[in-house]
Ligand SMILES: NC(=O)C1=CN([C@@H]2O[C@H](COP(=O)(O)OP(=O)(O)OC[C@H]3O[C@@H](n4cnc5c(N)ncnc54)[C@H](OP(=O)(O)O)[C@@H]3O)[C@@H](O)[C@H]2O)C=CC1
Ligand SMILES: Nc1nc(=O)c2c([nH]1)NC[C@@H]1CN(c3ccc(C(=O)N[C@@H](CCC(=O)O)C(=O)O)cc3)C=[N+]21
Ligand SMILES: [Mg+2]
């Protein structure tokens with residue numbers, strides 16, 4: 001049996017069409033959704049992602065601004081810029097692309113963004129809201145993964161065991177919280193996990209968010225399981241690939257997300273959803 005694909009491009013197109021409709025309605029009332037994206041330095045991967053985000057905004061009818069700064073931008077100057085965007089009524093969402101140059105403290109930057117405009121969902125107030133089940137912006141990548149699960153009929157995960165590989169603040173940890181909120185029984189694995197396969201083999205849902213190729217191979221997957229691949233890596237030929245050995249795992253899994261065309265486009269889609277929601281709240 002070969003796994004069915006969860007197509008992130010197709011699901012994105014569907015969600016983005018709804019977003020564009022709601023954005024048009026807001027724009028007609030004089031509240032066009034606006035996103036500001038800040039890129040510091042010249043990381044080529046970041047430049048690609050940021051361009052995709054700005055293009056997705058334009059396609060959905062949003063106002064968007066891309067601010068690019070040299071790698072030697074001072075932390076104080078960046079914080080001052082965020083402060084100005086916090087006060088700008090045309091801007092509903094602020095995204096500062098990570099990673100930042102070493103001399104800038106990411107934590108300070110994220111905490112300077114107004115929680116009302118934190119469409120990445122990285123602010124401690126957003127993370128805290130998710131933790132206690134209150135309203136706040138959800139981190140886009142895990143939020144997109146949840147939408148993918150919902151698209152295959154897994155909105156409620158009662159009775160399911162979900163295993164998350166990775167515990168970063170931007171993917172693994174919020175992913176685990178969202179799965180828990182959806183009633184899954186959740187296990188979080190990381191670099192200190194002794195026998196990863198022993199956990200993943202029990203999983204009905206596996207989310208791989210590590211950043212290393214072939215972290216999850218066919219022998220580590222329960223037949224029929226749902227496999228969500230967040231990883232973004234390059235193989236020896238320079239081609240984009242995830243954390244999952246796709247060719248092997250697809251022969252065992254029930255559902256699998258491809259890379260590219262899986263979680264990546266959904267991340268951008270949920271950024272649009274969050275920005276739209278920020279604009280709707282501001283207009284209310
Ligand atoms: N598609 C998308 O939209 C996005 C993709 N990504 C991609 O997802 C991946 C993860 O990103 P991010 O969370 O930021 O990465 P981090 O490097 O911050 O976190 C990686 C996690 O993986 C764990 N880990 C490392 N090696 C192993 C191992 N051998 N077995 C089990 N766990 C391991 C680490 O453990 P420990 O905590 O112990 O160090 C850590 O928790 C990257 O490839 C990134 O490019 C990220 C964001 C968005
Ligand atoms: N403040 C901040 N917010 C982020 O959300 C954020 C960030 N910083 N830093 C980097 C990571 C990574 N990330 C991706 C988003 C989309 C794709 C994406 O669209 N990928 C396409 C392919 C893109 C390509 O061809 O390279 C796909 O998987 O099909 C990938 C990765 C967001 N991140
Ligand atoms: Mg830093």
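Keep in mind that glycine also has a Cβ here, set from the backbone N, Cα and C atoms.
TrEMBL annotations:
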DOMAIN    6-120  domain 'Tetrahydrofolate dehydrogenase/cyclohydrolase catalytic'
DOMAIN    139-282  domain 'Tetrahydrofolate dehydrogenase/cyclohydrolase NAD(P)-binding'
BINDING   166, 167, 168  NADP(+) binding site
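Long-range Cβ neighbours of residue 166 (NADP(+) binding site) (same chain, at least 6 residues apart, Cβ-Cβ under 8 Å): 172, 175, 189, 190, 207, 208, 209, 210, 211, 230. Within 8 Å of the centroid of the Cβ atoms of 166, 167, 168, where the record puts NADP(+), the same chain has further Cβ atoms from 164, 165, 169, 171, 172, 173, 188, 190, 209, 210. Around the Cβ of residue 168 (NADP(+) binding site), the same chain contributes 209, each under 8 angstroms and 6 or more positions distant in sequence.
Residue counts for the domain 'Tetrahydrofolate dehydrogenase/cyclohydrolase catalytic' (6-120) under DSSP, split into helix (H, G, I), strand (E, B) and coil, are 60 helix, 18 strand, 37 coil. In sequence order, 173, 176, 188, 190 are the residues of the chain that are 6 or more apart from residue 167 (NADP(+) binding site) and have a CB within less than 8 Å of its CB. Helix, strand and coil counts under DSSP for the domain 'Tetrahydrofolate dehydrogenase/cyclohydrolase NAD(P)-binding' (139-282) come to 54 helix, 26 strand, 64 coil.
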